[in-house]
Amino acid sequence: MKQAKIGVYGLGTMGSALALNFAEHGFDVAVSNREVDWIPDFVREAGSLGSHIVPCETLESLVGSLAIPRVILFMIPSGKPMDQMIEKVLPLLDQGDTIIDAGNADFNATRRRFADLQVKDIHYVGMGVSGGEKGARHGPSMMVGGTTHSWQQLKPMAQAIAAKFEGTPCVAHLGPDGAGHFVKTVHNGIEYADMQMIAEIYGVLRDGAGWSAHDIGTMFAEWNKGPLQSYLIEASAEVLHAVDPETGQAMVDVIQDQAGQKGTGRWTVIEALKLGQSASGIEAAVGARSWSADKGARELAQSILSGGTLAQDVPDQRTLAAAFEAARILAHAQGFAVMQAASEEYDWALDLAEIAKIWRAGCIIRSELLDDLAEVLGQKMPAGSLVLSDKLQPRLDTGIPALRKVVGAAVMAGWPVPALSAVLGWYDSLRCGRGTTNLIQAQRDFFGAHGFERVDAQGRHHGPWGTSET
Ligand SMILES: NC(=O)C1=CN([C@@H]2O[C@H](COP(=O)(O)OP(=O)(O)OC[C@H]3O[C@@H](n4cnc5c(N)ncnc54)[C@H](OP(=O)(O)O)[C@@H]3O)[C@@H](O)[C@H]2O)C=CC1
Ligand SMILES: O=C(CO)[C@H](O)[C@H](O)COP(=O)(O)O
């Protein structure tokens, strides 16, 4: 029997596309799935690529079809399913074999699994894959965590199937254990913020100016030709132009306004907070999806709650574009700050410039901006901060006034812009050399004797609370 180079278990949307991608690049790939009845159809539909596919009805035959040391990639839901599959496959493996979890996984689980398997001399790779179905099929961006040994095994195959940016594969070994899954999680967090901010601009134009979906789509298509070029802007333009074949209405107008979420955005926020960071743009985006789920309450509130609003003109397209550009820079800066903090906490030595580079093609957040970020992150940044870099400062100088106009108008008119306003709030907090947490410290000391530092003396101090007259 043919000894395949890699096994792919889980032939759903992503797994089947990845398997075909491996096959197209000449790698013999053994495939299997929980439901196996349709695997012969999958191989038949693969056409000429079928000659590189080894269909397997059982996990045992999948493992038996692989060249040694074995590499098995799982593309299944994270959490319990992955733990169950590890339990099943482990007795079939030998020392030196590699298990790859290519799904979106909580990096804490990846670290745990990595450690559990390391003592058995089984390599565990947590690999983030971005690009959706098309990316997986024709070139995803991949963020790899794990041992150097497993990276050496995987590298030729990963580089072959990855998206290419000016010829360079968009895949990298980013660090040990959970590093790859952590970076993919933050990638998704930035994806959430970017999507939310695009949706907020759409909302301002739809509800503030009465623009049609089609016209908003046309504006985004224009934006996509300049510095705002990105896959998500392109995708937004395309979906806003789409028409529902059943009603003839704009497709987005017949889609329920309740967004799903599978966890990566939430994980980014949770991990950011644990690391003492706050990715406020991502937080707002996660919150907006959660609020969207409460449709009943929103519909009721619309008829009960007064807005106290003041009519506003919708800012012009140039202002909206400049505002979005600034907000997007800030949301990316927050995401990179979270990765920097994680890198220090877990001793990963993440190469942030390399991360920006492998996000320039194949992945969902690919954009012109990432090319600039790759350059900036490769240099020394003042106080380690992206937004203080010489390259981004001029763009913020132009964009921030526009962002103020948009957020200001939205606040007055009552158009919800939680993510745009959250990143602006962060920007303004960052600009305050002397902020207002001196009062927080005084309050904490007042009720809890927590102590504070003085501006004019070393050490811990307490206030004279209760002694002054009020
Ligand atoms: N869709 C996307 O754009 C992206 C998805 N991902 C991640 O990729 C992974 C797969 O997603 P996707 O392909 O979209 O999902 P699909 O729902 O299309 O496929 C899920 C696959 O997992 C298998 N599966 C489900 N539950 C179990 C289980 N308990 N034990 C074993 N196998 C199981 C399914 O088998 P069966 O056919 O028998 O049901 C199927 O092969 C997820 O971790 C997801 O987060 C990552 C990047 C992008
Ligand atoms: O990883 C992805 C893209 O990069 C997946 O599409 C993921 O499902 C997106 O997250 P969510 O479903 O929570 O919107």
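Placed from the backbone N, Cα and C atoms, the Cβ positions cover glycine too.
Taken straight from TrEMBL:
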type	residues	note
ACT_SITE	Lys184	active site, proton acceptor
ACT_SITE	Glu191	active site, proton donor
BINDING	Asn104, Ser130, Gly131, Gly132, His187, Asn188, Tyr192, Lys262, Arg289, Arg444, His450	substrate binding site
DOMAIN	180-466	domain '6-phosphogluconate dehydrogenase C-terminal'
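In sequence order, the binding-site residues near Lys184 (active site, proton acceptor) (Cα within 10 Å of its Cα) are Asn104, drawn from Asn104, Gly131, Tyr192, His450.
Each of the recorded positions Lys184, His450 was assessed for Cβ neighbours inside 10 Å, and the highest tally belongs to Lys184. Counting Cβ atoms from all protein chains shown, Gly131 (substrate binding site) has 24 others lying within 10 Å of its own Cβ.
Per-residue pLDDT, averaged over the domain '6-phosphogluconate dehydrogenase C-terminal' (180-466), rounds to 97.
Among the recorded positions Asn104, Gly131, Lys184, Tyr192, Arg289, the residues whose Cβ sits under 6 Å from any atom of ligand 2 are Asn104.
By the rule that a residue counts when its Cβ sits under 6 Å from some atom of ligand 1, the binding-site residues Asn104, Gly131, His450 yield Asn104.
On its own chain, Tyr192 (substrate binding site) has Gln261, Thr264, Gly265, Thr268, Ile282, Ala285, Val286, Arg289 as residues at least 6 apart in sequence with a Cβ closer than 8 Å to its own Cβ. Across the annotated binding residues for substrate (Asn104, Ser130, Gly131, Gly132, His187, Asn188, Tyr192, Lys262, Arg289, Arg444, His450), the two most widely spaced Cα atoms sit 49 Å apart. Note on the binding-site residues His187, Arg289: the fewest other CB atoms within 10 A surround the CB of Arg289. In three-state terms derived from DSSP, Arg289 (substrate binding site) belongs to a helical segment.
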